[in-house]
Amino acid sequence: MLHVSMVGCGAIGQGVLELLKSDPDLCFDTVIVPEHGMDRARAAIAPFAPRTRVMTRLPAQADRPDLLVECAGHDALREHVVPALEQGIDCLVVSVGALSEPGLAERLEAAARRGHAQMQLLSGAIGAIDALAAARVGGLDAVVYTGRKPPRAWKGTPAERQFDLDALDRTTVIFEGKASDAALLFPKNANVAATLALAGLGMERTHVRLLADPTIDENIHHVEARGAFGGFELIMRGKPLAANPKTSALTVFSVVRALGNRAHAVSI
C-alpha cells in the first residue's frame, strides 16, 4: 500500500480524495493545510477520508509518507515540497506554473538531489506531454499554446483590471507573449503553458496566447508543435471544476492517474 500526504484541500484535493476513497492500494495518511484552514479541511474530507489526519506540516520522520502530492498552489512548493524532497520523499506537483519563479526550479532540483528523491510535474489539464517531450529529443522548432476560457475564469487576475469581464461580447486577447511572463502574470491560469514549456522549448521560447471568450462555457486548449519529428496539433475542450472555474476537471483526473501509476502493479 502507498502511503500519501496531500498538501491542500481545495477543489482539486477534495476531488482526488473522493475518486480514490475506495482504492485498496492507496492510503491518505495526512492532509496538510494552513492552521486557519484546519477545521474547514476536516469537515471537507470527512465524507471521503474520515481517518485522514489534518496537519499543518509533514508528519515526524517515523510517520513520513511514501509520497507527497501538492494540490495547494505556488507557495506550497517552497513551504512543503522543498523540505519533503530534502527528506527523501518523492513529490507529485500540480502547480507547475510556480517553476517560472526565478530560482525555484533550481532550488527544487537541488533539494531532490540532496534527498535522493524525485519530483514529478503532472500534466494537469493538457494532453500530449509525452509526445512533446519525446519530440524535444530530436529538436523542436516552435511550440505555440492558445488558452481560451470563459470571462469568469479570468476574474481575480490582471485581466480583471484591464477589461470589464462581465461586459465582454467578443473574444478578447488578454495576454500574448512568452510562457515565462504568462506564468508570472496569471499564476492560477498558466499551469498548462508552463507544463508545455518545460516539456518542450522552455519558458522563454514557448509562445502563449490567453483569450477570454464569452461564447464558451469550457476551457479550450490549443497546442501546435513543429520540429524534426514533423508536427502535431492538439485541441482539448475541458470542462472546468464546478468549485473552481480556473481549473479543468482533467487536472483532478491527472492526479488520480499519477497516484494509480505509483500504487498499482501495472501503469501506463
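Glycine residues also receive a Cβ, built from the backbone N, Cα and C atoms like all the rest.
Marked as NAD(+) binding site by Swiss-Prot on the basis of sequence analysis: ALA125, ASN191. Residues annotated as active site in Swiss-Prot, with sequence analysis given as evidence: HIS221.
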ASN191 (NAD(+) binding site) - helix vs strand vs coil (DSSP): helix
Distance [Cα-Cα, Å, rounded] between ASN191 (NAD(+) binding site) and the residue listed as 'active site': 12
Spatial neighbours of ALA125 (NAD(+) binding site) that are distant in sequence (at least 6 apart) but have CB under 8 A: ASN191, VAL192, ASN219, HIS221, MET236, GLY238, THR247, SER248, LEU250, THR251, SER254
